[in-house]
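Pulled from Swiss-Prot:
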| type | residues | note |
| --- | --- | --- |
| ACT_SITE | E180 | active site |
| BINDING | H179, H183, H189 | Zn(2+) binding site |
| CARBOHYD | N48 | N-linked glycosylation site |
| CARBOHYD | N58 | N-linked glycosylation site |
| CARBOHYD | N61 | N-linked glycosylation site |
| CARBOHYD | N94 | N-linked glycosylation site |
| CARBOHYD | N116 | N-linked glycosylation site |
| CARBOHYD | N163 | N-linked glycosylation site |
| CARBOHYD | N192 | N-linked glycosylation site |
| CARBOHYD | N267 | N-linked glycosylation site |
| CARBOHYD | N280 | N-linked glycosylation site |
| CARBOHYD | N291 | N-linked glycosylation site |
| CARBOHYD | N379 | N-linked glycosylation site |
| CARBOHYD | N493 | N-linked glycosylation site |
| REPEAT | 311-356 | repeat 'Hemopexin' |
| SIGNAL | 1-26 | signal peptide |
Amino acid sequence: MMPQYERKQIIIHISCVIICVVVTLTLFHVFWNDNYIAVDVNYDVPYNFSVSPDFGFNTTNITWSLKPYYKYDINDLMNTANSVFKIWSRTGLNFTYIKNVDEAMVRIYFYRQDHNDSFPFDGKGKILGHAFYPNRHRINRGLAGEVHIDADEQFYFNDKLENMSEYDDSINLHAILLHEVGHAIGLLHSANKSSIMYPYYGGSKLGVDDFNGIQQIYFANKYKHNKIFTYNKYHKLETTSSSTPSYYGNRDRYPINKKRSLSSVFNITTTTVKPSYDKNNTFTPQKICFNITSSYKTHNTKLTAIRKYCTGHIDTISVIRGELYIFVDEYHWRFRSNGLLYSGYPLKTTHSWSVPIIGRFKVTSAFETLTGDIVIGVNYTTFYYFDRMSMQLYRMQKLPLHLLPRCRSTKKTIVFSIDSHLYALCDRIIREIDFNSLRMKRMKTKRSMLGFPLVSNLITVLDHDGIYLFRNDNTYAEVIRSRVDSSSSYFKNNTDKWTIC
């Protein structure tokens with residue numbers, strides 16, 4: 001018979017093994033658990049597009065409708081819309097018109113100016129329309145599947161683009177609807193120039209990427225079990241290399257200073273921009289003239305924020321839905337893609353996002369999740385998640401204290417997004433973290449993953465048409481070929497490019 005002390009030792013050893021296994025599995029779950037949604041991709045064909053299994057309807061039988069607008073002939077509108085849906089039906093989807101626009105899955109409306117969806121139109125020119133992606137997991141439909149067209153525009157009704165010059169400043173409605181309906185049924189932008197979803201005006205024929213994108217969303221999606229639709233060549237299509245332009249990457253982004261651009265709102269809605277604006281416009285904010293009147297003087301916090309802004313002092317800078325946002329104290333500036341400031345700004349951050357904070361605060365980070373929800377980081381460690389459709393606050397998340405254990409102060413931690421990856425940085429310690437849980441994805445993150453050297457005193461990193469580093473001394477530097485630009489004495493004052501007053 002085994003002595004009692006030996007039995008105790010065996011029990012202790014077994015207990016230690018069990019504890020080690022439990023701890024190991026727990027750490028594995030904490031640090032390697034990804035909340036990303038896997039996207040099924042057909043690797044047998046070249047692809048240049050981004051798809052999400054979230055964006056799409058739960059059926060291939062899709063109803064559509066259009067609300068007439070007095071300015072346009074109803075027959076012209078219906079003929080144009082019918083032509084658009086007939087083209088998209090070549091992908092294997094079945095589109096059916098119904099009279100009641102409120103009951104349709106894809107709904108086309110004409111609106112002017114502010115129309116209560118947080119994306120006001122700007123009158124004739126520039127912004128032509130936008131569309132909201134469908135979401136198969138949403139219980140409430142909301143704006144999903146809606147296409148909004150700026151009713152102040154002058155459209156002509158012709159599905160051929162060869163003779164656009166004959167119509168002066170008129171806009172081809174067929175081209176706009178064809179692209180926007182693509183978004184309304186779930187497609188993001190494509191980097192393939194032959195695609196309808198390429199972010200510039202194109203023809204009226206679907207490209208290979210358009211077919212492949214619909215296949216991945218509706219026929220080869222792991223959430224569905226339909227028979228996979230076989231692509232048939234309805235017309236001759238050019239195939240291109242699967243590589244994408246260097247400026248495009250895997251993001252739904254594109255250069256904003258090119259002619260005939262379709263300006264997109266990333267992962268939520270897409271905005272179509274009239275192609276005839278000044279081609280010399282850049283993403284750099286244009287000069288702003290502030291008239292400090294007595295009304296400003298009664299609001300000391302706003303006056304202080306404006307003075308800080310004009311001297312180059314910012315808390316963070318980010319691109320949200322394709323537009324530049326600069327945050328200073330409790331206020332933020334919002335710029336159009338051509339660098340012009342939206343009317344009425346700066347506004348309090350709580351005006352745009354219902355951050356439940358009483359008293360003074362500052363935004364220290366702002367980014368979008370992979371599914372398009374907007375996250376506002378306040379005072380370094382608190383993050384508020386806003387729904388991509390309703391813009392309602394649905395979650396508050398604290399940055400885990402153990403994330404950067406050697407960080408001397410949480411107020412030195414910055415969170416930023418680069419090329420669809422989220423990072424936390426403190427005292428030159430870098431960790432890739434999960435968009436949703438803010439937990440660590442890797443025990444060790446290589447600095448080379450960032451594509452730029454770690455610089456001290458950073459307050460944020462901006463990734464849009466290049467990578468820019470911002471420091472707490474009101475200066476910035478552009479990263480060129482994975483190096484900080486040394487030809488301009490490294491860092492320049494923010495007032496040279498970003499906060500021009």
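Note that Cβ sites are derived from N, Cα and C of the backbone, with glycine treated the same way.
Cβ contacts within 10 Å of N493 (N-linked glycosylation site), excluding its own Cβ and spanning all protein chains shown: 14. In this structure the alpha carbons, written CA, of H179 (Zn(2+) binding site) and N379 (N-linked glycosylation site) are 40 Å apart. The Cα of H189 (Zn(2+) binding site) lies closest to that of E180, out of the recorded positions N58, N61, N116, E180, N379.
Sequence-distant contacts (6 or more apart, same chain, Cβ under 8 Å) of N61 (N-linked glycosylation site) comprise L93, N94, T96. A simple Cβ count within 10 Å picks out one of the glycosylation sites N116, N192, N379 as the most packed, and that one is N192. For N94 (N-linked glycosylation site), the number of other Cβ atoms no farther than 10 Å from its own Cβ, over all displayed protein chains, is 11. N61 (N-linked glycosylation site) falls within a strand segment according to DSSP. Cα distances from N379 (N-linked glycosylation site) to the recorded positions N58, H183, N192, N493 are smallest for N493. Between the CA atoms of the residue listed as 'active site' and N192 (N-linked glycosylation site) there is a gap of 17 Å. Taking the C-alpha positions, the distance from N116 (N-linked glycosylation site) to N58 (N-linked glycosylation site) comes to 27 Å. Counting Cβ atoms from all protein chains shown, H179 (Zn(2+) binding site) has 28 others lying within 10 Å of its own Cβ.
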